[in-house]
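*Asks:* The active site, nucleophile annotation in TrEMBL covers S222. The active site, charge relay system feature in TrEMBL is assigned to D245, H300.
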Amino acid sequence: MGNSSGHNNTLSIPPGKGPHRVGCTDLMVGHTVHGTFLRLYYPCQASENPQLPDWVPCREYFNGLADFMKMNRALSERIFNYLFGSCKIPAAWNASFKPDGKYPVIIFSHGLGAFRTLYSAICVELASQGFIVAAVEHRDESASATFYFRENEVWMYYRPLKPGENEFPLRNKQVKQRADECIRALDILFDINSGKSVENVLHLLAFQNSMDLCRIAIMGHSFGGATVIECLCKDVKFKCGVALDTWMFPLDEEIFPGVKQPIFFINSEKFQWIGNIIRMKKLDSAIFPRKMITIKGTVHQSFPDFTFLTGNWIGRLMKLKGEIDPHIALDLFNKATLAFFQCHLNMDRDFNQWDALIDGKDDNLIPGTNITIPQSSI
């Protein structure tokens, strides 16, 4: 890791555009497989020469990505290290927290084959705008890699489907575990905020009474989008949800009537299909706000950080990049998300200047979906 001779250094994860500098730290509470592991992003105090963490924390995550992509570990580790070994997250590692009133809280859920650091562009931007963001690393065997402790470090890798295995029972069990992990992460933040003693969080004492726990949102990508829906059903502390290019398959539709909080679906142009959109539409409500937009020229991987870290040739070849400039796409869904949060978390900010984006009013947006749904399906 930390291969400074690595790939084109002009490719980097964009820093936050908000008024706050951003710090980050890892938090592991309960060292067993049933514990909680997350990356916390937060507004921090300025410091000279801040340490920026590696984007991919250690080689086991490269091995996990290789397994997920069905690539040879030794070869792919060399490729990944060349492409990404020198990449840093634009947030100061273990930086001093910046007290400034109470910050709203966002729990973020990653997609299939991902892990806690792969959506840092989104998380850093939200923290720069005055949110505390907890990016959970799931231990349901849907992450490409994660670890916990027995006597020593134990690594868990992505579990592929077994030959002939029915996929729905596995994914439904996983989405329920993922929601439970998000709720546990939120419970830990409640404890930290109230000043309760929590193991392994002495460095977070400054966070006491710093969170606005009446303003909590859940956000996620793909499998993490399904996790958003499951969380909203399970816990009313989540006041709204933003679901990025959601994979609806893992969800049991019987839970849909129980989702009474506002939802914002932000989709890519190239990933969605009729059956998936129809399932999103089953959450439509005459009472509870449901919004959907599609970003033109985007692919499913326009939401994780890979899209910023690969050149056009590799990015297109591996479908990590769409036709739109990834910085424009990030800017659009971040601004639309902030406007949605202001509205549904009742925040007194200036994010409402981007309200039009929630309705898809921009040259790079499509209101609703680009997928044509047959009338017979509605």
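Glycine is no exception: its Cβ is also placed from the backbone N, Cα and C atoms.
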*Asks:* What does the structure give for the C-alpha distance between H300 (active site, charge relay system) and D245 (active site, charge relay system)? Integer Å is fine.
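*Replies:* The Cα atom of H300 (active site, charge relay system) is 7 Å away from the Cα atom of D245 (active site, charge relay system).
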*Asks:* Inside 10 Å of the Cβ of D245 (active site, charge relay system), count up the other Cβ atoms and send me the figure.
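*Replies:* Its Cβ has 28 other Cβ atoms within 10 Å.
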*Asks:* Take the Cβ of S222 (active site, nucleophile) and count every other Cβ within 10 Å, whichever protein chain it belongs to.
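*Replies:* Result for S222 (active site, nucleophile): 24 other Cβ atoms within 10 Å.
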*Asks:* Give the number of CB atoms, excluding that of H300 (active site, charge relay system) itself, located within 10 Å of its CB.
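*Replies:* There are 21 such Cβ atoms around H300 (active site, charge relay system).
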*Asks:* How far is it from the residue listed as 'active site, nucleophile' to D245 (active site, charge relay system), counting Cα to Cα, in Å?
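*Replies:* Roughly 5 Å, rounded to the nearest whole number.
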